[in-house]
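What TrEMBL says about this one:
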DOMAIN    6-141  domain 'Phosphomannose isomerase type I catalytic'
BINDING   98, 100, 125, 263  Zn(2+) binding site
DOMAIN    158-244  domain 'Phosphomannose isomerase type I helical insertion'
TRANSMEM  275-295  transmembrane segment
């Protein structure tokens, strides 16, 4: 029997507390789309569909056994491992702060503390909103931070007068501002837990009283709730000393645009550029390039060929239905909303679209 190189993936659902609950969660809806028999609990948070990539144990085992499936360049560069993690999150409340080092720092920390930093590579991330989503990227503009220090006494208590005054007196000097902001952040992150809890309770009580009195609290008195995802106590120091890029962004500055996929063609040779919206989003540009293709097949296209690449790839169906066929698959595969397909390097997949509304998919791969 021929070696199976194209197959569906069954991925693990994580029920972290920050996830959306029941069918309010896009993760839960995708799970139900991929498996109509799945039981979705109304009170359970469905935070993340995990395992579309490097941390999936079954997939890791497969790629180790059939290393050529990764692609000629990927298998040599990354020592037989898939170099990306592809997952879907459904976020209801703020996640913990996480610090990802650049490649040079990751190698240094791995050499010094391998038990805490088992991966010597960097972990840049890219997020694409499937539904309406709000995210915080970078620090707020300096005038807003100074406004909080002036008008939110509980916040100032965590930072401390000395650090707050240094930031206020920086007077727009970039170097002084950067150092002062680092000091403010480090003081707040290293404050005693009791002080943090006491100040947070005082803030909540004050805002509640002002709300009851009819005072407008939509300005500077916002909720200040901050957590650090700490693998071990030294993470706070590493975060403040090494990881922290004191970058202040305006809305939209962290966004990017896609570009047309250069090799998308119908089986008959007709260009898809005028028929199918296909963009690739370049995620990791430091050492290698992980690309996420966004494929939107309109109702007018009943067939589509997922082209062969010199990289293993993972295909996630967001909407629509199709029957997938490939010489490298055990049999025809029915794809529905929530289906996930692993495609080995240098293998193509033909899709016979069966849904009347077309299809929307994402495809992750690594092109070196």
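Using the three backbone atoms N, Cα and C, a Cβ is placed for every residue, glycine included.
All annotation found in TrEMBL is predicted automatically rather than curated by experts.
Confidence in the domain 'Phosphomannose isomerase type I catalytic' (6-141), given as mean pLDDT, stands at 84. Around residue 125 (Zn(2+) binding site), taking its Cβ as the centre, 9 other Cβ atoms fall within 10 Å, counting all chains. Here the domain 'Phosphomannose isomerase type I catalytic' (6-141) has, by DSSP, the following mix of helix, strand and coil residues: 41 helix, 25 strand, 70 coil.
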